[in-house]
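**Q** The structure that follows is given in the form of structure tokens.
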Amino acid sequence: MGIRMGRRLLLITLLLGALLCNNVAYAKFSRYSFPKDFIFGTGSAAYQYEGAYKEGGKGPSIWDTFTHIPGKILNNDTGDVANDFYHRYKEDVNLLKDMNMDAFRFSIAWTRILPNGSLSGGINREGVAFYNSLINDVIAKGMIPFVTIFHWDTPPGSGKQIRRLPERKHSNMHEKDYADFAEVCFHEFGDRVKYWTTFNEPFTYSAYGYGGGVFASGRCAPYVSKSCGAGDSSREPYLVTHHIHLSHAAVVHLYRTRYQPTQKGQIGMVVVTHWFVPYDDTAADRGAVQRSLDFMFGWFMDPLVHGDYPGTMRGWLGDRLPKFTPAQSAMVKGSYDFIGINYYTTYYAKSVPPPNSNELSYDVDSRANTTGFRNGKPIGPQFTPIFFNYPPGIREVLLYTKRRYNNPAIYITENGGNNSTVPEALRDGHRIEFHSKHLQFVNHAIRNGWGDGYLDRFGLIYVDRKTLTRYRKDSSYWIEDFLKKQY
């Protein structure tokens, strides 16, 4: 049986990011190699590209606060200006159309709509007007808007809730405020937006923001990092994720009951996963592969599909893993019309002994060590210190999802490889190879029954940080040629 499909989607995401070059000749491979109803597109996230962090009535988010702490971000970079999309979005939308894109995926900044984080603080009509103009421009250029409601930019006030966990049944994500924000989005934009995602990569938000402390909110246990002011890496990631599931399910219920019948849209969640292969061909390392998948992918997919967390997590975490009530389980189960999957890389997984019981954290709970190297050799070409080019992984993720999770409608919402040097940005043939090979393995998955969508995460466009001038890279011209329609 083939994977269940809605309208097919292939999103090739562009994070506006690095420079102009000549075309590179590759064997002919085009949109016509895919089903005719595939949609090809690009995308990014509000904090990463909008800028204008104090303009247009916008309030601060936890990322504004976090990046302004010296030393938290490499080179003390911030999103204060970013790519200045807020002022230059028409130019960028035109670039997307020039590349023959069919869709644009973007997120809505919570505090650009609700500057104080809650409905009681008032709706920022200037922010609503900005997104209305963006949506209208995307549609006017013949593209489809795909909108993410939450991409990590929580209002700072709601972050204080975590300090009272687990005594209070809240997380950093205040569920009512989030539901109010989502409803404003549905009400203001839902007549034109037909594809919604509630959360983008909640794994990253929970594990890195509350386990490792390297992302906002910057919380972790002192034995994980002395740079964290406070936190409990053994519990907070699981508590935050639990309330994300409840917030997601409540918003999906809201959309399905109040808006979907008339707006006729779809709604889902975007999750991220790596693929894993055994470090050694042993039963122990094959078990480490499954645990790695359960603790990253299953942490989100199992509740969405089955109504509870994976058995491995339940068995090993004990009371550190929150429990759903029967009513909550029923609400979370099936709370999606589609699943978005972000895939970047594959790692080896090796089984390791149980961790020190006095220094528990999300990072060690799976009892698996993951690495991109075996015997000193990388699993694939290394794009960044943590990302390796391993095209078969995208096929394996799709087919695993089909087998394990009852054949959901899937969109690959992010996939890609970054630059490490300026010359690579100027002549990015490696990215063309990345796209070409991953698309070939997507085709393999289609032949094995999958066929919903694909998206690339890293830059087809270079933005000069001093002048904010946009330059197209070789890969953008390859994509333009790949997507060219024959009339």
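Cβ coordinates are placed from backbone N, Cα and C, and glycine is handled just like the others.
Fair warning: this is a prediction, and the values are worked out from it, not measured in the lab.
So Swiss-Prot has the following annotated:
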{"type": "SIGNAL", "residues": "1-27", "note": "signal peptide"}
{"type": "BINDING", "residues": "GLN48, HIS151, ASN200, GLU201, TYR344, GLU414, PHE458", "note": "beta-D-glucoside binding site"}
{"type": "CARBOHYD", "residues": "ASN76", "note": "N-linked glycosylation site"}
{"type": "CARBOHYD", "residues": "ASN116", "note": "N-linked glycosylation site"}
{"type": "ACT_SITE", "residues": "GLU201", "note": "active site, proton donor"}
{"type": "DISULFID", "residues": "CYS220-CYS228", "note": "disulfide bond"}
{"type": "CARBOHYD", "residues": "ASN369", "note": "N-linked glycosylation site"}
{"type": "ACT_SITE", "residues": "GLU414", "note": "active site, nucleophile"}
{"type": "CARBOHYD", "residues": "ASN418", "note": "N-linked glycosylation site"}
{"type": "CARBOHYD", "residues": "ASN419", "note": "N-linked glycosylation site"}
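So that I understand the layout, could you describe where these features sit and how close they are to other parts?
**A** Under DSSP, GLU414 (beta-D-glucoside binding site) is assigned to a strand (E or B) in the three-state scheme.
For the recorded site, ASN76 (N-linked glycosylation site), the DSSP three-state label reads helix.
For ASN116 (N-linked glycosylation site), the count of additional Cβ atoms within 10 Å of its Cβ stands at 15 [all protein chains shown].
Just so you know, the Cβ of GLU201 (beta-D-glucoside binding site) picks up 23 other Cβ atoms within 10 Å once every protein chain is counted.
Cβ environment of CYS228 (disulfide bond): GLY213, GLY218, ARG219, CYS220, ALA221, PRO222 lie under 8 Å away, each six or more residues apart in the same chain.
Note on ASN369 (N-linked glycosylation site): other Cβ atoms within 10 Å of its Cβ, all shown chains, come to 16.
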**Q** Hey, does DSSP put ASN116 (N-linked glycosylation site) in a helix, a strand, or just coil?
**A** coil
**Q** What's the CA to CA span in angstrom from GLN48 (beta-D-glucoside binding site) over to ASN369 (N-linked glycosylation site)?
**A** 30
**Q** Based on Cα distances to ASN369 (N-linked glycosylation site), point out the closest of the recorded positions ASN76, HIS151, GLU201, TYR344, GLU414.
**A** TYR344
**Q** What is the number of other Cβ atoms found within 10 Å of the Cβ of ASN200 (beta-D-glucoside binding site)?
**A** 24
**Q** Judged by the number of other CB atoms within 10 angstroms, which among ASN76, HIS151, TYR344, GLU414 is the least packed of the recorded positions?
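**A** Among the recorded positions ASN76, HIS151, TYR344, GLU414, the lowest count of other Cβ atoms within 10 Å belongs to ASN76.
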